[in-house]
Amino acid sequence: MKTLFDTKELLNEFDINLIGIDEAGRGALAGPMMMAACKLNKKLDGLCDSKKLSEKKREELYEIIIKNSNYLILAFSSEQIDALGLSTCLKTGLKLIKKHFKTENNFLYDGNTNLGINGIKTQIKADASILQVSAASILAKVSKDRVMNFLAKDFPCYEFEKNKAYGTKAHKELIAKFGICKLHRKSFKLL
């Protein structure tokens with residue numbers, strides 16, 4: 001019996017039972033990290049790694065994905081990340097995803113480790129080749145960006161609507177100028 005990972009040809013074959021998992025904001029200096037899991041109801045066109053899509057295209061695909069899937073989006077605040085650490089937040093997210101999809105057992109997480117959570121397969125760059133992981137990538141990224149756009153209104157000096165809280169040169173210069181705000185991750189090297 002062939003499995004999803006038997007041949008390269010199968011990477012592009014659609015498996016209706018597969019649940020893709022990805023996160024966005026893992027390396028951001030502020031704001032939440034979002035995790036998403038997605039089980040598509042049908043094959044959707046145009047899906048790929050969210051980082052390779054324009055913001056407009058991600059937004060369009062987000063709406064299509066949520067109408068054609070069973071999905072879960074989780075948020076881990078900067079306070080949770082500082083208190084628990086990234087690994088614990090990621091493990092918690094994977095456990096919550098498994099609990100949400102309790103009758104399912106075909107999970108694929110983008111990356112090289114399942115953090116010790118049984119029943120979750122991993123694949124590096126799965127968001128670029130597996131539709132369900134691409135969909136999860138888009139759900140997580142759009143959710144993260146929407147949160148940062150909303151939070152930017154309360155913290156305009158950090159330009160979160162532009163940098164989405166990632167460690168860009170401009171963002172680091174703003175931290176140096178204004179100091180940190182309550183959204184910044186104190187456990188991260190910010191400068």
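Each residue, glycine too, has its Cβ placed from N, Cα and C.
Copied over from Swiss-Prot:
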- Asp22, Glu23, Asp110: divalent metal cation binding site (BINDING)
- 16-191: domain 'RNase H type-2' (DOMAIN)
Spatial neighbours of Asp110 (divalent metal cation binding site) that are distant in sequence (at least 6 apart) but have CB under 8 A:
Gly20, Ile21, Asp22, Glu23, Thr122, Gln123, Ile124, Lys125, Ala126, Asp127, Val133, Ala136, Ser137
Tell me which of the binding-site residues Asp22, Glu23 sits in the most Cβ-dense spot, judged by other Cβ atoms within 10 Å.
Asp22
Compute the average pLDDT of the predicted model within the domain 'RNase H type-2' (16-191).
96
Non-site residues, in chain order, whose CB comes within 8 A of the mean position of the CB atoms of Asp22, Glu23, Asp110 at divalent metal cation:
Ile21, Ala24, Met35, Ala36, Tyr109, Gly111, Ala126, Asp127, Val133, Ala136, Ser137, Ala140
Taking DSSP as the reference, which of helix, strand or coil describes Asp22 (divalent metal cation binding site)?
strand
